[in-house]
Structure formats: structure tokens, C-alpha cells
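A.B. asks: Once you've had a glance at the structure underneath, I'll fire off some questions.
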Amino acid sequence: NNMLQRQANCNLKVNGCNKIYNPICGSDGITYANECLLCLENKKRQTSILVEKSGPC
């Protein structure tokens, strides 16, 4: 259900992420250890992966 997808809550001034494990499932089907890491991936790859759901994919 795409209604549940949302944009990651990003602080794009951040260049590193904490190590807190709070997994989320990205719309690319990849589990990210936390939302910050999804943001960094988007920034690095110039993509706009959404948050599919909380918890692993």
C-alpha cells in the first residue's frame, strides 16, 4: 500500500549517522539500520528512496 510510504526525515547537514539500530524498510526493498542511513544513501546516489515501513523489509 503506497499510502504508507513517506519521505525519510533527513537532516542533510549530517554527514554521518549514529549507530542506533532502528531498522526501516526502504521503497527499494533494502533494510536500513536507521532512517539517517537511508538519507545518506539518497544523498550519495541522488535518489529519493522512501520509507516503506518501520522495521526490516
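Glycine residues also receive a Cβ, built from the backbone N, Cα and C atoms like all the rest.
Quick paste of what Swiss-Prot says about this protein:
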- 4-57: domain 'Kazal-like' (DOMAIN)
- Cys10-Cys39: disulfide bond (DISULFID)
- Cys17-Cys36: disulfide bond (DISULFID)
- Tyr21, Asn22: site 'Necessary for sperm binding' (SITE)
- Cys25-Cys57: disulfide bond (DISULFID)
A.B. asks: When you rank Cys10, Tyr21, Asn22, Cys25, Cys57 by Cα distance to Cys36 (disulfide bond), which of the recorded positions ends up on top as the closest?
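C.D. replies: Checked the recorded positions Cys10, Tyr21, Asn22, Cys25, Cys57; minimum Cα distance to Cys36 (disulfide bond) goes to Cys10.
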A.B. asks: Which of the recorded positions Cys10, Cys17, Asn22, Cys39 has its Cα nearest to the Cα of Cys57 (disulfide bond)?
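C.D. replies: Looking at Cα distances from Cys57 (disulfide bond), the smallest one goes to Asn22.
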A.B. asks: If I restrict to non-local contacts, at least six residues apart, and a C-beta distance under 8 angstroms, what lies near Tyr21 (site 'Necessary for sperm binding') in its own chain?
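C.D. replies: Once residues fewer than 6 apart are set aside, Tyr21 (site 'Necessary for sperm binding') is near Ala33, Asn34.
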A.B. asks: Quick one: mean pLDDT on the domain 'Kazal-like' (4-57)?
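C.D. replies: The predicted confidence over the domain 'Kazal-like' (4-57), as a mean pLDDT, is 91.
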A.B. asks: Measuring Cα to Cα, how many Å separate Asn22 (site 'Necessary for sperm binding') from Cys39 (disulfide bond)?
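C.D. replies: Between the alpha carbons of Asn22 (site 'Necessary for sperm binding') and Cys39 (disulfide bond) there are 14 Å.
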A.B. asks: Using a Cβ cut-off under 8 Å and a sequence separation of 6 or more, which residues in the same chain sit near Cys25 (disulfide bond)?
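C.D. replies: Counting only residues 6 or more apart in sequence, the Cβ neighbours of Cys25 (disulfide bond) under 8 Å are Thr31, Tyr32, Val51, Glu52, Lys53, Ser54, Gly55, Pro56, Cys57.
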A.B. asks: State which of the following disulfide-bonded residues has the fewest other Cβ atoms within 10 Å around its Cβ: Cys36, Cys57.
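C.D. replies: Checked Cys36, Cys57; of these disulfide-bonded residues, fewest Cβ neighbours within 10 Å: Cys57.
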A.B. asks: List the Cα distance (Å, whole number) between Cys17 (disulfide bond) and Cys39 (disulfide bond).
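C.D. replies: Spelling it out, the Cα of Cys17 (disulfide bond) and the Cα of Cys39 (disulfide bond) are 9 Å apart.
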A.B. asks: Report, as a single number, how many Cβ atoms besides its own are within 10 Å of the Cβ of Cys39 (disulfide bond).
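C.D. replies: I get 20 for this one.
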